[in-house]
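Beneath this line is the structure, given in structure tokens, with notes to follow.
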Amino acid sequence: MPIDAESEAELRSEAEAPPGGFGKLMRVFTFATAVDRLIQIGCAFAAVCSGAAMPLMALILGRLTANFTDYGSSGDDKSTAEFMKSVQTNALWFVYLFIGKFTLVYLWSFGFTFTASRMLQAMRLTCLDRILDRTVAANDEETPGSLSNTVTSQCNSIQAALSDRLGIMIQAFSMLLASFAVAFSQSWQLTLVMLGLVIITLGLIGFIVSSDQKIEAGLLKRYAECSIIAEDALGSIRTVIAFGAAHKFLAKYNEILKKTETDGKKKGPFVGLMFACQYFFMFVGWAIGFYLGAYLFTKGMISDPGRILSVFFAMLIGLGAIMALGPNMPSFIKAIAAADVAFKILDDGTDQNQDSESQKDASQPEKIACQGHVELRDMSFAYRGREDRNALDKINLSFERGTSTAIVGPSGAGKSTLISLLERWYEPTAGSIFLDGNDIFQLDPKWLRSQIALVQQEPQLFNASIFDNIAYGLIGTEQENLSPEDKQTLVHDACRHARAYEFITKLPESFDTMVGDRASLISGGQKQRIAIARALVARRPILLMDEATSALDNENSKVIEALMTNSIDRTTIFISHKIRAATKADRVVVLDHGKVSEQGTHEELLSAGGLYKRLYDAQTEVESSDDEDPIKTITKTPIPTVVEKTEEASGGPQASIAEPSDNLPQIPKRNLLANLWEIAKEQRRYWPIFLIGLVACVVTAQIFPVQAILLGRVMQVFQGPPEKVSSDANFWSLMFFVVGLGAMISYAILGFFMTLLGVYLTRFYRLEYFRAVLQQPVEFFDRVASGTLLSRLSSDPSNLHELISINMGLLISIFVSVISASIIGLAYSWKFALVAIFAAMPAVFAAGYLRMKLDSSLAEEMEKISEESARFVSDSLSAFRTVKAFTMETAVHHMYNECLVSFAGRLYRQRAVMTLFFAFSESVELLASALGFWYGGKLMGDGELSTEKFFTVFIAVVVGGQAAGALFGFSSNLGKAKIAANNILGIRSQVRAAAARDQSRQMAEENHSEKTENTVVDMQNVTFAYPARPNVPVLKGISFKVYRGQTVGVVGTSGSGKSTLLALLERFYEAQSGTVNVLGRPISAHDIDEYRKRLAIVPQEPQLYNGTVRDNVILGLDEDKVQEADVATACEAAGLGEFISSLPDGFNTQCRGQGVSFSGGQKQRVAIARALIMHPELLLLDEPTSALDAESEQLVRETLGNIQEGRTMILVTHRLNIVRNAHVIIVMDGGRIVEQGTHTELMAKQGNYFKMHESSNGGEA
């Protein structure tokens, strides 16, 4: 299913469009409150002051250097005493700077984290509000996955940048500026030259970052496209699994990832260039600065060499500031691109896209009671992309209060579209709609919808309790603020009217039962009755029902008949394909091809002899079909007509309920190194790239130790005569330039190759992650919400990329640099180095290690928070129409706010502790410097250390300490990467373990060769409970056989276990006890992929995917194996021929927004065609005609008869007329088979089936 050309063009234009830039990121601060801004000002001041602490150290170093130089040339007892006193005094200043910096870093780190959380909480809420305030028409153009990705993942990127990383950036810039201020105070001439080079460097980096950000913005658009594909697949994962279509979604996903790889590789040169420029110009600055400093000294323009060295130390600290900027730049680049995406939603205030903005002056007659008189005048409407064909054409209708109106007509006649327009989801292309004489587009949309109760054809419930789902129907009404007791009374009354009370109270947790993600834990009929109760609970003046009985059995369908005949206090509009329900209405409106064909009472329309009579006669003919027109029986071998009875039905012992035999294992948690080793082992083809990058890492790691040696020699230069100072300065300046060239080349190689490696590995693991998710068993998706999975698919590969790209190269370089610096220190003076290293380094590493542990713990907590947030947002946006219909926007806002507040509280508590170690690791190098100067001075005073050796060791160890601090600066990245690697590699290991178990089971059952006997399905004493509710048995001792060529009907009340039977046959789940043999072998002995190719299913709620109609029909087949004639034949057999001919692009018509412009009947016929084209040996149909009109139902029924040759069918339905000619009918109740036989046999028994039949025929024979 390729992306259509229009979408690809839109994506390309968006990717090429210039991003919003740094200004968009700064706009995030508009979400700060006055308190937040006050805190941020204080934090910024603290960051500025903490940044100034290290440059102030340069002044102390300058004074100490002068002391060391003077002492080195004298060395008498008096100068020794003065020297030691000066060393001790200046060392104390280092301690004072440590205390100050530690306090300041703690304040700004926690403060920025606190305010960033609050700002992004407000931004997330505003973003969600903006999305929920959109019109349905505008929202149809985007998927919930891409929108929820903006609210969660993109906002996560912004929050990460504006938390402590913002403080680090401010501190780094302050350190850089303060370094130059200190340098200027010592020698303005020398500093001015070096400043020019820094400005050139920053200008180049700015240009590179701007170019890199454009690439990053394009990547974000591509990843949003990936989210759309993933949401498409995960939204109806059972259909994807049943048709073996995972590889198609993977192929689409991979196509996008190929483009991200191409774009991502463009980042390599920019990253390499950024680091190359940064370090090259730094060393060129050293070279020029040292040459010029020596010149000024020899000319007498600088008398004190300590001033020159103060400038050099200030520049060294400024270098550290630039180093601190580097690792944080990718986060800000990502945040800028993310802000651009977020503000496109926040700035989308066009009238046609926003409900509230489009009607700022809309009236809200709250004090006027709504009478419920609805009138449509010359109303026409066409869907986007099908403007040449009106879905509704010049409709004139009037609906009076206290009356019920049934709207009937063939599938695609425009019935559901009419409901959408009454809900103000779309705006008519012509004409008007009036409520009590007011144009509804001049009314406040929320007030309008608060007067309307809606039951959709495919009802959407939230992942909450049954009680909460029904109580949501009170939102926006006067009853919303009732006491909990009064609300409970209303909910229970509504459930009784909806015939839901009995099944709800039988559940173990009653009204507190969770319905699961996308209501996966309840049956279709139960879901529909809950939706009806939600519509009835507030007793709104207008009731709209769109195929509200499609999933209900005949007995429960009578609730609608009761509502139709009892409309005294409301206006009831009911859409149905069931003509029988329409007979109870006060008036019937017949739509055909978007026009009102006829209207009147049931009797009037029958007398008129028009379309209504034809529909009525067609349905009557279907219902009255008897054995004179049986479903064709092509099988040549005799077929038994009686299914074996279950032990329970025959009085045998009831099967015991077993615990689930194969729970999903927890994802194993391994340390980061173990995960990296596994990645390295399986990515051998990328070892050459890694090895080149590794060599570059080792080379770059030697830059700073070499710098320490050079600076140590430089300290000696100024102790000689002027003529020697000049010649030595020329030589060492050249050395700095040579080292700069080496740094430029090695960092360019490191940046390019490590970025390239990250791009390749990220694409691989993104695809592998998605593949592993799609290969999970169905029970996995019962436990993990699709919103959570979408969040993980987006965030985990990004977090892993943070480690396995340039950051990994920098980490290796830093680690090696620490070792090299320590070795040099030991080589020059082992005594001094041992104290400096082993007294200072353990403190640095201990603080850093604890920081990493806490950061990892915080990252795990943040992942949970992000997943819960993503699930909530995804649920809300997936049920967008329900949210709009029940005016739940404000309620969703408050629920999400409570969710975020709870998350923030957990974040603050953990962050308060972690920040202590962060502050210590940021400032501990000052303590190390104090110790180093004190002990080094002592050794010099004792004559055990020369000036050159002191400065070489000191600079090596200080730089090593700075490097160690930078190493732990990656702790947040490491913590997130560890979680991401565990998730990605862990879920793959689950797939492999499951595959191994399946293979072992198949090997154990190899002796079960496929039998050619007539038995296709043989279930014996099967017991089953869903893994999510292991103590609630759904099937109890089921035993039956289905023979080749048979059509077996399965009927029963809602929730009796009918659909569960099909789920077991599709191998979505495994029986807890008993045996299931299919196609002549134990079901577990089949290769699961090959097995599913021999089956096809038509689900109760058919799903269309983004792509063409043709793509949707051939979902279960490979593209190269499909003949166009087969597609046409399958569609014709499913009754789609005329509909497809009417589409502007025929089979190539795009199903945008998961087929939002298709009617329920049209979707169902596409699903039937999808099953028929598979030519399955066993065809499973779950309510295949629930959304079809009588003519289409008769057509499908004939189709099923025509295709029966060599095929076995199991048909689950509430419509008894569909199965009356089946070879065997199974009647289920409470998870058991209570009756079985042919229609005639069951009618003669006058048991459950007889009662259901009498009920469906209104007591008529």
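Numbers run from 1 along the shown chain.
The backbone N, Cα and C atoms fix where each Cβ goes, and this holds for glycine too.
Annotated features in Swiss-Prot:
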BINDING   409-416, 1052-1059  ATP binding site
DOMAIN    41-334  domain 'ABC transmembrane type-1 1'
DOMAIN    374-618  domain 'ABC transporter 1'
DOMAIN    691-976  domain 'ABC transmembrane type-1 2'
DOMAIN    1017-1255  domain 'ABC transporter 2'
CARBOHYD  Asn67  N-linked glycosylation site
CARBOHYD  Asn396  N-linked glycosylation site
CARBOHYD  Asn463  N-linked glycosylation site
CARBOHYD  Asn1007  N-linked glycosylation site
CARBOHYD  Asn1021  N-linked glycosylation site
CARBOHYD  Asn1106  N-linked glycosylation site
TRANSMEM  41-61  transmembrane segment
TRANSMEM  92-112  transmembrane segment
TRANSMEM  166-186  transmembrane segment
TRANSMEM  190-210  transmembrane segment
TRANSMEM  270-290  transmembrane segment
TRANSMEM  308-328  transmembrane segment
TRANSMEM  686-706  transmembrane segment
TRANSMEM  734-754  transmembrane segment
TRANSMEM  808-828  transmembrane segment
TRANSMEM  830-850  transmembrane segment
TRANSMEM  913-933  transmembrane segment
TRANSMEM  950-970  transmembrane segment
- Proximal residue to Lys415 (ATP binding site) among glycosylation sites Asn396, Asn1021, Asn1106 (C-alpha distance): Asn396
- Average pLDDT across the domain 'ABC transporter 2' (1017-1255)? 83
- Query: Just the number: how many Å between the Cα atoms of Lys1058 (ATP binding site) and Asn1106 (N-linked glycosylation site)?
  - Reply: 30
- Query: Of the recorded positions Ser411, Ala413, Asn1021, Ser1054, which one sits closest to Asn396 (N-linked glycosylation site) when you measure Cα to Cα?
  - Reply: Ala413
- As a whole number of Å, the Cα atom of Ser1054 (ATP binding site) is distant from the Cα atom of Asn1021 (N-linked glycosylation site) by 22
- Query: Nearest to Ala413 (ATP binding site) in three-dimensional space, by Cα, is which of the glycosylation sites Asn463, Asn1021, Asn1106?
  - Reply: Asn1106
- Quick one: of the glycosylation sites Asn463, Asn1021, Asn1106, which has its CA closest to the CA of Ser411 (ATP binding site)? Asn1106
- Item | Chain residues in Cβ proximity to the transmembrane segment (270-290) (below 8 Å; excluding those fewer than six residues from its ends, i.e. six or more beyond) | 190, 193-194, 197-198, 200-201, 204-205, 208-209, 211-212, 215, 311-312, 315, 319, 322, 326, 329, 700, 703, 707, 714, 729, 732-734, 736-737, 739-741, 743-745, 747-752, 754-755, 806
- Of the binding-site residues listed here (Gly409, Gly1052, Ser1056), which is spatially closest to Asn1021 (N-linked glycosylation site) when Cα positions are compared? Ser1056
- Note on the structure: Here the Cα-Cα span from Asn1106 (N-linked glycosylation site) to Gly409 (ATP binding site), rounded to a whole number of angstrom, reaches 27
- Message: Tell me the Cα distance separating Asn463 (N-linked glycosylation site) from Ser1056 (ATP binding site), rounded to the nearest angstrom.
- Response: 22
- Should the transmembrane segment (913-933) and the transmembrane segment (166-186) be scored as in contact, given a threshold of at least 3 Cβ pairs under 8 Å and pairs 6 or more apart? no
- Item | DSSP-derived class (H/G/I helix, E/B strand, else coil) of Asn1021 (N-linked glycosylation site) | strand
- Query: If you count Cβ pairs under 8 Å, which stretch among 41-334, 691-976, 1017-1255 touches the domain 'ABC transporter 1' (374-618) the most?
  - Reply: 1017-1255
